Structures are given as C-alpha cells and as structure tokens.
Amino acid sequence: MEEKIIVAIIVSAIAFFSIYAFTPILIKFLEKRNLTVKDVNKMGNVMIPRPGGISILIGIVASEIVLYSFFPISEILAIIITSILGFSVGIIDDKKTMGGWFKPLALAFCAAPILLLGAYDSNLDFPLFGSVKIPSLYLALVVFMIPIMGNTINSIDVLNGIASGVTTIASFALAVSLFILQNYEIGIACLCLAFASLGFYKYHKFPSRIFPGDSGAVMFGATYGVIAIVGQVEVIAAIAILPAVINSFLFLSSVKKIVEHREIKNPVKHTDDFKLKSTDENHAPITLVRLLIAKKPLSEKQICNEVLKLTAFSGILAVITAFMMGVRI
Amino acid sequence: MAIKIYSFIFTMWVLILIGGGLIVTIIGPFSLGGIGNVNPIILSGIKVGIALVLIFVWVFTLTKVKNWIFKTDVKY
C-alpha cells in the first residue's frame, strides 16, 4: 500500500506540474503564430490561444507512462493509447471543421485498444442490485462509451473553465470511487487525469488564457471514458458527469439530430453589460447554460461557478453510489 | 432555476439506480430454458432487444420528467 501511495504522489505531481509548466510556453508559441480565436463572451476583441490540447496530452501521457512503468498492466496501456487517439481525433477537428458525424465515428475507433488488449470485463456493475453479464451488449457499450464521453465533455466546453473544471471535479470523484472499490491502480490512473485537468484549469478558468480546443476537450472525455471502462465503474462515471450528460441530453432532445456545435444557433445572447441571457429564438437548442440563465442574466463567471457546483453535487452522488456498490438488496 | 437543475440531477440519479435494478433483475437471469437448447447468439440478441426497450423507456421517462420540471422556463 505504501508503494502505491508513493506512486500516486509521483504521477499526480508529474500530471499537474508538466501542464502547469508547459502551458505558458504553449500560450506564447500559439500567440506568436497567431493561432488564436475570439472569446465571444468578452467585451472587445479578446483573442485567446487555441488549442491547449497539446499541453494536456503531455501531462496525461507522461504521467500514465510513468504509472505504466510501475504497474505494467494492459488497462493502463489502453488508457495511454486511447488518450492519444482521442487527442488525434480532436486535433484534426481543431485544424479542419469536420461534419457532425466525424467525431462520434472516429472516436468509436479509439475504443479499439480496449478491445484488442482485452482491458475490459463484460460484467456491468450496478449499485444495490449487483452485476449483470452482457458480453455482446458490453462490446457495444465499449464502442459507444468513448464517443459519448468525448462529445459530452466537448459539448460543455462553451465558457471559460467549464470543460477542465467539470473534468477535474468528476475525475476526483471517480478516483475516490475507485479507491472505495479497492481498484487502486486505475484509481491512481484517474488521479493523473484529475491533476492534469486541474493543472490546465489554472489557465483555462475565467478569464481564460488558453482554450483546450477540441483536442483538449475530446481527450479529457476519451480518457475519462476509457478509465470508466477499464476500472469497471461505467455507471459511477456517468453519474459524476451528470451536468455534462444533461447538457447533451437537453441539446439532443431539442435539436433531435447530431450536428457540429458550430452549425447551430447560439442559445444565448449578451446584455449591454455583457452578461449572458437566454435567447428568444425558439429554434435555438436548449442547453445547461440556457437553463441556468432562463430566469435572469448571469455573468460568465457566475455561470461557470454554478456548473462547477452542479458537478460537485453529481460527484457526491457518484461517491455515494460507490459506497452503495457493496450493498445488496 | 438552479434548484430545478439539482432536482433534475437527483431524479436522473434515482432513475439510473432503478434502471440498473431492472437490467440486473430482468436481463441477468433471463433464459429460454423451457424451450430447450437455445443458440447463445439468439439468447444474446433477445437480451439486447430487452435492453434497448428498457433504454427507450428510460429515455422516454427522463424526457417527460425534463418537460415537467422545465416546461415554464425554456420553450423550443
């Protein structure tokens, strides 16, 4: 146990400090090459460097490789390869805007390492009721999990700090849940994601100094998804990011099709003092942010705080669920 | 408004627990033992079918709950 605690401290430090140290260099690099986009929720012409996914890739992969050197198990190898593939899909979308179906399809292929390495167990565990063995259905779950998680985190990346903040809180909740379930190796792997997203949050929080881009957001989601599968905590993982899941659910149930987020009408507009308010446009999709500002306009920072509080609430429900895994009725 | 979203998250959590229970109690022990030896692929296909029906019911219920909670707030 002592060895595992030392490893956890080492890899968490690598994940956090590599991003903390590298991101300012990346910001300067991107600014110098004019790789910036307008922050549409700021007054004036505020340009923000993008994509920050490169720094997230370095933090997550470096820490997971060190973890793999201590625990050379196929589950951690699957996490490393799937994360890199998730980043690759995102960076393609950063460079060239692809159609709405590109990401889900490409991310489905990112699940290949999990299947090829056999880094999954076809039992699906539920709290209170036990587990169910569904071999063929579980294969479909593995293939769908990465696109769903990748797109879920990507679609909530709408305001400063939300994608990295939500990933940080959900990953810490998932790591705690994995420790409760005594799955220590994958719990430490999840700590890598938690500290990597925390390191990036430092620069992504309001007012953002860098945006993760699709490469960063999709990689956050893909890594979170693969950890959920190899750690056999699929249900707990879904609960921990319920605000992001709700955002996708509200969006899909109003738009009723899969579209690239840049193709849709903006569900929010700005007041004179640049707070965000819900649009009167009936055909703009319903999103979590639109719900939060339905009654009264809020500043970007207030909305971010509300979303992070909702994620903390979901994280608590996830940890309660982890405790309930050991209870049978 | 935030209270409504918290209640929606809580409802979704309860629905996940109930849905999980249904999957474990219905799909887990499901077999066609009375018919004789059934091809495992056919049995697996039937289980997938039941799971899809349960997922449809789950999403339908969630949509109704969503409409009920947020109906006065945002129109689409």
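Glycine is treated like the rest: Cβ placed from N, Cα and C.
Copied over from TrEMBL, here are the features:
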- A:6-30: transmembrane segment (TRANSMEM)
- A:51-70: transmembrane segment (TRANSMEM)
- A:76-92: transmembrane segment (TRANSMEM)
- A:104-120: transmembrane segment (TRANSMEM)
- A:126-146: transmembrane segment (TRANSMEM)
- A:158-180: transmembrane segment (TRANSMEM)
- A:186-203: transmembrane segment (TRANSMEM)
- A:210-230: transmembrane segment (TRANSMEM)
- A:236-255: transmembrane segment (TRANSMEM)
- A:307-327: transmembrane segment (TRANSMEM)
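By the Cβ criterion (under 8 Å, sequence separation of 6 or more), the transmembrane segment (A:236-255) is in contact with the transmembrane segment (A:158-180), since 3+ such pairs are found.
Contact between the transmembrane segment (A:6-30) and the transmembrane segment (A:307-327) is not supported: fewer than 3 Cβ pairs lie under 8 Å, counting only residues 6 or more apart in sequence. Of the candidate ranges A:51-70, A:104-120, A:158-180, A:210-230, A:158-180 has the most C-beta pairs within less than 8 angstroms of the transmembrane segment (A:307-327). Non-local neighbours of the transmembrane segment (A:104-120) in the same chain are 74-75, 77-78, 81-82, 85-86, 89, 92, 138-139, 142-147, 150-151, 218, 222, 226, 229-230, 232, 258; each lies 6+ residues outside the stretch with a CB under 8 Å from one of its CB atoms. Take the transmembrane segment (A:51-70) and the stretches A:76-92, A:186-203, A:210-230: counting Cβ pairs under 8 Å, A:210-230 has the most. Same-chain residues lying 6+ beyond the ends of the transmembrane segment (A:158-180) with a Cβ under 8 Å from its Cβ atoms: 39, 41, 186-188, 190-191, 193-194, 197-198, 200-201, 204-208, 212, 216-217, 220-221, 224, 227-228, 231, 233, 236-237, 240-241, 243-244, 287, 289, 300-301, 303-304, 307-308, 311-312, 314-316, 318-319, 321-323, 325.
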